[in-house]
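K.L.:
Please read through the structure below; I'll follow up with questions.
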Amino acid sequence: MNPMIPFHSLLLLAALCLLLRTITATDGAGDLLYIDCVEQCEKTGCVGDRCFQHCKFSSDGTPIDGPWYMHEPLYLRWKQWDCRTDCRYHCMLSREEERAKHGAQPVKYHGKWSFKRVSGIQEPVAVALSALNLAIQFHGWVSFFILVYYNLPLMPDKKTYYEYTGLWHIYGILSMNSWLWSAVFHSRHVELTEKLDYSSAVALLGYTLIISILRAFNVKDEARRVMISAPLVAFVTTHIMYLNLYEFAYGWNMKVCVAMAVFQLLIWAIWAGVSDHPSRWKLFVVVVGEGVAMVLHTFDFPPYKGYVDAHALYHATTIPLAFLWWSFIRDDAEFRTSYHLNKVK
C-alpha cells in the first residue's frame, strides 16, 4: 500500500469539507422577540435590569456620555461598544437564556454565535489561544535565530551555511503578525480588525506555499527563487487588494486559502515520503495534524458555555504543531549545515 494514500485522503476530506460547507444554523437576528428587545433597548437604554451609558440621549436625539467620571479610560475605548452593539449583545444573551429554558437549540445572531464577553473581549478563549500561538512562534523564531547565528558554524563572511535562513526569518515575522491580528480580531469584531486578520492570514498562507516549493525542490539560486515567487506574490497581493478594496467575499477567500493550504501540505507530505531527511517524521506529524485541524475547522457548533467553539479548538491544535514545526526547521538547519561542512572537508 502506498504510504502517501492516508495523507492524500485526509487532505482531500479537509478540502471537501471546507469547500462544500454550508451554514445550517438559523440566524436569530430575524427573531421578532430579539428585534423588539433591541428596539426597546435603544429607546430606554436598558435590557431588563441592565442599563448602558451609551444609550443615554438628550431631547434632540444626541447621545449623552454622562459626566466625566463615567467615561471609560482611553485604553478601554478601543472596544468601540456603542448603544446598538451593547443592546444586540445583551438581547442576544437574554433570548438564548429563554430559548435554553424551552429546550431550543442555540442560533446565530448576525452570522455569529452568542459568545460571552470577558472585560469587553468578545471571544476570550480564542484570544488566549491566539496569544499562545504568538508566543510559540516568537519562541520558535528566537531559538532558530540563536541556533543559526550562535550555535552553528558560520562562513568566513559571517553568513550562515544554511541557505534558507532568510526565508525562515520572514516566515517567523509573518506568523507572529498573523497571530497578533488574530488575537486583536477575536477581541473585537469590527471591519478593520477583520480585514487585518484575514489579510495577514492570506499573506502567511501564500508565503508558506512559496517556501514549501523552494525547500522541497531545493531551489537555492536567487534568480530561480524570484521566478517561482513572483507569480505567487502577485496573486496573493491581488487577492488581498480584492478583499480590502473591492469585495470582502468570504466564500471566495475560503476557497483560495484551502487551495493554498492543501497544495503546500501535499508538497511537504510527498517530499517527506521521498526524502531521506532525518526529521521527516516531524513533517508527517505536522501534515496529519494540519489536516485534522482543517477538518476540525469545518465543524460549526455553538460555543460551549459561551466560550469554546470549533475555531477556538482549531487554534488549540495549532499550538503543539507550531512547536514541532519550528523543531523541524532547526533540525533542517543543522542537517544542511552539516552537509555543507562535510563538502568543505
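Heads up, residue numbers simply count up from 1 along the chain you see.
In case you wondered, yes, glycine gets a Cβ from its N, Cα and C as well.
Heads up, here are the entries from TrEMBL:
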SIGNAL    1-25  signal peptide
TRANSMEM  125-152  transmembrane segment
TRANSMEM  164-184  transmembrane segment
TRANSMEM  196-214  transmembrane segment
TRANSMEM  226-246  transmembrane segment
TRANSMEM  252-274  transmembrane segment
TRANSMEM  281-299  transmembrane segment
TRANSMEM  311-329  transmembrane segment
K.L.:
Using a cut-off of under 8 Å between C-beta atoms, tell me which stretch among 226-246, 252-274, 281-299, 311-329 contacts the transmembrane segment (196-214) the most.
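P.N.:
Checked against 226-246, 252-274, 281-299, 311-329; highest Cβ contact count belongs to 226-246.
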K.L.:
Which listed range (125-152, 226-246, 252-274) shows the maximal number of Cβ pairs under 8 Å with respect to the transmembrane segment (281-299)?
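P.N.:
Out of the listed stretches, 252-274 contacts the transmembrane segment (281-299) most.
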K.L.:
Is the transmembrane segment (226-246) packed against any residues at least 6 beyond its ends, judged by a Cβ distance under 8 Å, and which are they?
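P.N.:
That would be 195, 198-199, 202-203, 205-207, 209-210, 213-214, 219, 253, 256.
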